[in-house]
Amino acid sequence: MATAETHYTLPLPRFDQPVKLLIVVAPYYRDIADNLIAGARATAEKAGATVDLIEVPGALEVPTAIGIAARMADYDGYVALGCVIRGETTHYDTVCNDSSRGITLLGLQGACIGNGILTVENRAQAEVRADPAGQDKGGGAAAAALHLIALSRTWATAKKGIGFRA
Ligand SMILES: Nc1c(NC[C@H](O)[C@H](O)[C@H](O)CO)[nH]c(=O)[nH]c1=O
Ligand SMILES: CC(=O)[C@@H](O)COP(=O)(O)O
């Protein structure tokens, strides 16, 4: 159950047709990833969505895996989960920027993706953000994907309606 710490103010969308989500998680920090997954699964369940899950080595592989799934599978949306904690080198910037940019580009190409990849300075920041009873970023990422799915379906329906206008 999310607390006041979360920043998700929109009500979850309701669906009259089945929704299939794919969680793509990089369990670089397994305990953090498990909490993100729990939050995402809880939100998906509230919306009545079914969930599949795949794991990739790190955050950099998440957008690539989503791209593969978008080409080869039939999910309605994707939840990207992971945790990037700053180290000694500039690799942190590469991992954060390239994973988020890849996810954004896939979204602009039409994939409904919620991004729950934490980019933090230290483990303590990650823990409170991954905690479903804390900031619940995993749940928020699932909610974001669900909102985009609902939006795409609304416009698809409206477009069909326009198509039949005499
Ligand atoms: N340092 C973190 C990484 N690094 C690994 C990369 O994501 C990638 O798997 C590797 O460069 C091979 O392509 N990944 C995380 O998810 N979190 C980190 O903190
Ligand atoms: C975010 C990273 O890639 C980081 O964990 C790698 O650590 P380092 O920068 O110390 O090599």
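Every residue, even glycine, has its Cβ placed from backbone N, Cα and C.
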According to TrEMBL, A59, L60, E61, C83, V84, I85, N115 bind 5-amino-6-(D-ribitylamino)uracil; so which of Y28, Y75 is the extra one listed there?
Y28
Just the binding-site residues from E88, T89, N115, R129 whose C-beta lies under 6 Å from any atom of ligand 1, please, or none if there are none.
none
Find the one among the binding-site residues E88, T89, R129 whose C-alpha lies closest to that of N115 (5-amino-6-(D-ribitylamino)uracil binding site).
R129
Taking the binding-site residues A59, E61, V84, E88, R129, which residues show a Cβ-atom distance to ligand 2 below 6 Å?
V84, E88
